[in-house]
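Features as listed in TrEMBL:
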- 79-146: domain 'Anoctamin dimerisation' (DOMAIN)
- 149-717: domain 'Anoctamin transmembrane' (DOMAIN)
- 157-184: transmembrane segment (TRANSMEM)
- 236-255: transmembrane segment (TRANSMEM)
- 302-327: transmembrane segment (TRANSMEM)
- 347-364: transmembrane segment (TRANSMEM)
- 390-413: transmembrane segment (TRANSMEM)
- 523-553: transmembrane segment (TRANSMEM)
- 573-597: transmembrane segment (TRANSMEM)
- 680-705: transmembrane segment (TRANSMEM)
Amino acid sequence: QNEEGWDFVLVSDIHEMGSEKEIKRKKFLDELSKKGFTIKKIEDTKLFYGVRAPQHIFQKYQCFLRNPDRKQQNSSAHQDVPETTRIRIVHFILQNTATSDSEKLHDLMKKKVFEAAFALHKKEEIRDKLKEKWARWRVIFKKQPIEEIRCYFGEKVALYFAWLGWYTYMLVFAALAGLATVAAGTTVFSSSQVSKEICDANNTIMCPLCDQNCSFWVLSDTCTYAKVTHMIDNEATVVFAMFMAIWATVFLELWKRERATVATNWDLYGWDEEEEELALQLINNSQYELQPYKHSYFRSTVVLILALLMIAVLIGIAHALVIYRAVAMALFAQSKVDLLSKHADTIAVMTGAVLHYITIIIMTKVNRHVALFLCELENPRTFSQREKSFTVKIFIFQFFTNFSSLIYIAFFLGRINGHPGNYVRIAGHWRLEECHPSGCITDLFIQMAIIMLLKQTISNVIEYLTPLISHQLRKKHKTPKKRSIILGEEEEAEDPCKRQWLHNYELNEVNVFSLFNEYLEMVIQYSFTTIFVAAFPLAPLLALINNIIEIHLDAIKMMRLHRRMVPRKAKDIGIWLQVLEAIGTLAVIGNGLVIAITSDFIPVQVYKYMYSPCTRENRTGMDCSTGYINNSLSVFRIQDFEPHTKVLPEFNGDQIKECRYRDYRNADDYAYTIQFWHIFAARLAFLILFEHVALCVKLIAAWYIPDVPHKVMNQIRMEKHSNLCTEL
């Protein structure tokens, strides 16, 4: 049975007879033959070795794991195991077969003895179904065929797509809420008193934005920005941030239910990853000795110190971006080009965001190597342990790569830069940048919008085009040579396997990280969608559009451009669930901080209830935030400028004696006013209140929605009961 079904193909260059590589290759193939593998050789521009495992290996597997694939079979005892299980077992044996020099396939591939090893995309009914129902653009809004994905790519890939589909579905609600928030900002809050006052402030002379040759300017110049800022910085944002904290919890709780249903339908409840790995080790080598778990405090300490060093480097990169923006701001402001000098702050933030995106791309590659190196140091015992350890490390590094610059903009920008006459300077020369005159949340909004748009457009295009182009190049590269060989010997009939193997070889290679990369990309996107969402309510909408495309992009890549992934078994998304839960908690803290510290929500409320005209007299028809702008600007006397500051003292023909700047300081000694400390206390109080309420609501939601549906619980109990009755 299954005569022409080859489980795996090994590819090697044609080496000289008797060369070291040829001897090593022969040794490895002999080891496989000893285990009863059938090997078929086809020669082309490369050597192709088809490998088929003997039937007794799969029967052993079925005995070991009490036939965990019984649901996919009939009652016959010697039924074939499913194709996915078959590939998984053969892959494990290939990876763990050692030659007499104790070299495994991994080492031989490093030494270029073998070039590739892959499972085949075969002409199966299920593959055609997937190509028709899944890996094409016209089915973009249809439900994914998860069951078929599982039968072709195994449980791990199927669970990834089930999770991604669920996340995308849940994003619809978050995106609608985000749109509603922006809509409320443009309609209900567009006529706000605060932006009206900024637009009417024709006589409010503001202090210069740089030290050399910068003139004074009028507050009403920032009218447009004030309107945009108020679109995202209003009362609706607080409600939206609260909603997103609850959304993140509900999304994960509902996913746990969804996963429980799927795991039961696939009969995975009794399956254990460790038992599976031990069974495969024993099938591969019946003399296999168990490796005990070890924990070295010394190794852990070294790994911890190195990880902290890496995080320090990533934070250092964020500092470099801060310095870039400060220097760029000074240079743009002095520029002769009118456009640059007028919008110096915005252009500095935008170019800074593009630079940040470039550092993200570069550091992603560096982070991977560092995380792998740290994993090797830790020396985990099993594959699943290694995967967990690697995941946690790379996520932490990626988090700092993506977010350290945003954290600075959100919480430090404009708060550590001093005041006119006493600025904090980089190397005693360049002023630290200030917040945008219309509020600090604008800077965060611009930064997030640019990074998310770049990540989703450029990264997706690269992710799709790279495998497409390399596939086309490999095809071109291979074909002509093949022709020239055939021309001389046309009478020889071509082996039917040859075309199939060549076609699979021309596809892009896949590795252990192929699925991992997809998860990492989505989890970082989830962080953007939840952590600073208060500053960028459109993030869920961008994520939703991206995911709808992403699902089908991944499908097309897997089915048409990449070699077949080795199917792996899994009953959940593994360590990623804990990572997502951690992001959910960070989201509560992050959004609480954005509203308390970055936005002007608290200062406006403090002004309304403590300093506005409403507190002194009862004027019912009056907006209580009247006078807020004038109240939030401090007065600076021109004579107190630092000696090296060159300012043009005239403005529109008037001699200027004093200018205004955003802060709460006295006019005589520039110390903080009592109002500054009132606002500071209110910010802290709001932060504590918001986080406690949000975390309580998260806990209630987690308790309210059971992780496993009762239907599933009952089904498992029934099975246990019937098994025990049979035993009895």
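We count from 1, first residue shown onward.
Cβ coordinates are placed from backbone N, Cα and C, and glycine is handled just like the others.
Just so you know, TrEMBL annotations never went through curation; they're auto-generated.
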Of the listed stretches (157-184, 236-255, 347-364, 573-597), which one yields the highest count of Cβ-Cβ distances below 8 Å with the transmembrane segment (390-413)? 573-597
Residue distribution over DSSP helix, strand and coil in the domain 'Anoctamin dimerisation' (79-146): 33 helix, 4 strand, 31 coil
Over the domain 'Anoctamin dimerisation' (79-146), work out the mean pLDDT and round it to an integer. 87
